[in-house]
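See below for the structure under consideration.
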Amino acid sequence: MIEVTLLGTGSPVPDARRAGPSTLVRAGGHAFLVDCGRGVQLRMAAAGIAANGLSALLLTHLHSDHIADLGDLLITRWVTTFTDQVPLQIIGPPGTAETVTAMLAAFGRDIGYRIAHHPDLTAPPPVEVHEVTEGVAWDHDGVTVRVAPTDHRPVAPTIGFRVEHADASVVLAGDTVPCATLDALAAGAGALVHTAIRKDLVELAPQQRVREVCEYHSSVEEAAETAERAGVGILVLTHYLPPIAPGQEADWRARAATAFPRQIELGDDLHRVEVHPGVCVKPAG
């Protein structure tokens, strides 16, 4: 079984009820944080996972809302680890290493203060960055993480992840429009976690910059169509824009159900979904 927790279901627009985009995936004794949006560590604490309990950080792309708390995560993991400092594995698209280096540099004075003050902190936060666009990015203890390109242009490159364990599988799409590479990555998966925006509402915004968001994100219906093409068993919607207003969950769900007739999950931060083997309707390949 793979457990998915929607830590942050929000967007770049601050929302008192929703943290920034971030999802926790637990599989085979490992914990993966997918993206680290605004407020993620508060939601991690509520979900019972500490920064030093993560096996790896998976970044779908380098938009600010998906990496807003990267620096906080790196520093917190470092100062709350009281055993050997094992490097945090960070898997992301090309550009990730530069971003991580710049983030640590931004905290350079803080890191220096702490090393000077605490004798057991002798080096900056240890990280190992793996830049990938496709293929197997992680394979340990029966847990495999596969990567494939997505389409969030002009943001490029962007990637999605597929986590597999004991015949269960979950795909995390990140921000993307429908594309063949995501269809292939999601084929036969137990669940697809997908960003969803209400284009019918966003297109009404008076500001062109807001309307342009529709150009490189999937609508609720498009996310559902991707899930149906892939034959997944469960569609998990997240990263809602605009935020789902209280009482409007049924409307969002109904829009997805026009294209996807099976289990549809959406909700507030900390919504949890269990993905068991055998829930897909179309075997991979």
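Quick reminder: no glycine exception, Cβ is built from N, Cα and C everywhere.
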Worksheet item: Can you pick which of His30, His152, His194 Swiss-Prot lists for the same Zn(2+) 1 site as His61, His63, Asp175?
Response: His152
Item to complete: Could you look at His118, His239, His271 and say which one Swiss-Prot places alongside Asp65, His66, Asp175 in the Zn(2+) 2 site?
Response: His239
Worksheet, complete the sentence: In all the protein chains shown, the tally of other Cβ atoms within 10 Å of the Cβ of Asp175 (Zn(2+) 1 binding site) is 25
Fill in: Rounded Cα separation (Å) that holds between His61 (Zn(2+) 1 binding site) and His239 (Zn(2+) 2 binding site)
14
Item to complete: Have a look at the binding-site residues (His61, His63, His66, His152) and report the one with the fewest Cβ neighbours inside 10 Å.
Response: His63
